[in-house]
């Protein structure tokens, strides 16, 4: 007889795909590893160096994640900018220049017409040598739609063929993975490569989507791939999730140029387990990522985002009323969007529509491009539109939104007074109203298609348009009726009272808050975006109002709704469980069910165990003293059993189907001439989490949330009665909320 498994076996302690990790076991293994390294460090200089390098590896990993995600974000920004302009024309000086860079180098450009230069040719100029007339317009229109369809077709084809996990925003899945679920390949190298390429194509196609959500997925892919370079993170799933939390922060940092907002986003929105050490590392990763992107300078304006803006006019207390109205609008839009988008995504899942992702993407792209081209505000990229809406009009602005009548001689302190709107402003208002309707409707059908699609930018665009419309209305009201009671105390004639761009910014925050239900991180991201520290109160008022209104109409944010739609086993930490049920009501087996499948500690043969494994699909088995006593000894995982028995058959002489498996410290007494026994005590968890049958379910749910358990055994006076898995808890919560318990798809 051999004492088997004294040496660790490769594969033991790892997890199958679509399984939940055991947080308690992973943390315990990491503590053991750390203790061993610390003890050895006192023995030799080499061991001390190993100990120091182990401690430093986390910071080195954060540095690498920041550098890689910052570089990829810069590449995506530059490529998307160039390809978006390619739909309208090409630079004859060098096809690799986008419109702006092409005209920067030109000597024949004036300040007013800075976007018109002989080096930049529209498609009609290249094809029919003129830019005037109806035929030229039709040529440009046709080329715009053609390029949009080509980009969208390439994006959806690459996703479908090479990396199906590269579609969507990725944030619902990352939330699920960070809660301890395993989706193999979701953060792999193919997903990273395809997501980076198709994200550029999808944004350039002009669809109503953003790149900000998918950048979080890209950064988490970087984090996961780089984890494989460090033993500490490669072999421990819980440690790897700490790294992914920091990577998510780096993703938001480069998406919005908001490092602190990124850290808070990771803490508030995506992370399940966020210790203080992870907070510091997230901060460092976000800092490095933002610094890398700033060094690349993708927009040529020394800013990290396209829509950076600075306002100078202070806001007045009375303006909180329109700001709160924008918050109400944001909450209503958020709730409406979530309901309609989830209904459409459910239709896609349950009907024939889901079988034709390429056709769906091409149809939505064609409709978007055909409706977008005639209106200059829908034709431009959504980031440029937001930039235009946030803009505070100066004297030199040539935009239609800044076409005011100048009825003054000088401006005090460089600030322009409120002015009556000109023809351009009125026509811009109509176009923006049409843009608002198109964005609201088309985003519902775009989010969730089989291409990378973020929701931050379209949501912000909807809010920014609504805010700008309200802001211009307020501005004109203050100009023509400055003697009204609400204005006369603070807005004299000829003063700069209302900033429409500020209303756009507040509206953008309100709509983004309504859809995602972010609050703290949202406000910080918005003021980092705009550099407007004095506008924190309006942003807070709008974000809070939108959350209250949206929560009143539906409790879930868009990411939680998609998690539930996809049936991921995600246990929401924010919701209370208020039902008076007991552990015995939820455990398996129920009354009249077959008995619980268990292993005995020293009386089963290899064949018996293999039969149980082949006839069941359970992830693990309780081990009891004997079938008669049912006293609990421990818990053993299915995967560990399979690997250990296979390994023993190969390496241990004499192990056959009739060999006895035992989980005790010493071998049971055996008659002579019996085959060698197989000791598997090392894979037995001797301290499985147990509750009694009368434990209230609210305590059980809390234990599952706070300890991240996979399963919990139910006992009565020390005798094993049943088992509760994470899936059982989720099904019970769904049942109590009158939802379909079978919607939890994965084990």
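Note that the numbers count up from 1, one per residue, in the order the chain is shown.
For all residues, glycine too, the Cβ spot is worked out from N, Cα and C.
Whatever TrEMBL says is automated annotation, not expert-curated.
Keep in mind that what you see is a predicted model, and the values were worked out from it rather than measured.
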Per TrEMBL record, range annotated transmembrane segment [choices 88-110, 111-133, 134-156]: 134-156
Contact call for the transmembrane segment (134-156) against the transmembrane segment (56-76), three or more Cβ pairs under 8 Å: no
Candidates 190-209, 317-338, 358-375, 502-527; stretch with most C-beta pairs under 8 Å toward the transmembrane segment (56-76): 190-209
Tertiary contacts of the transmembrane segment (190-209) (same chain, 6+ residues out, Cβ under 8 Å): 72, 75-76, 79-80, 83-84, 86-87, 144, 147-149, 151-152, 154-156, 158-159, 162-163, 165-166, 170, 215, 217-218, 221-222, 225, 364-365, 368-369, 372, 379, 381-382, 438-439, 442-443, 446-447, 451-455, 457-458, 461
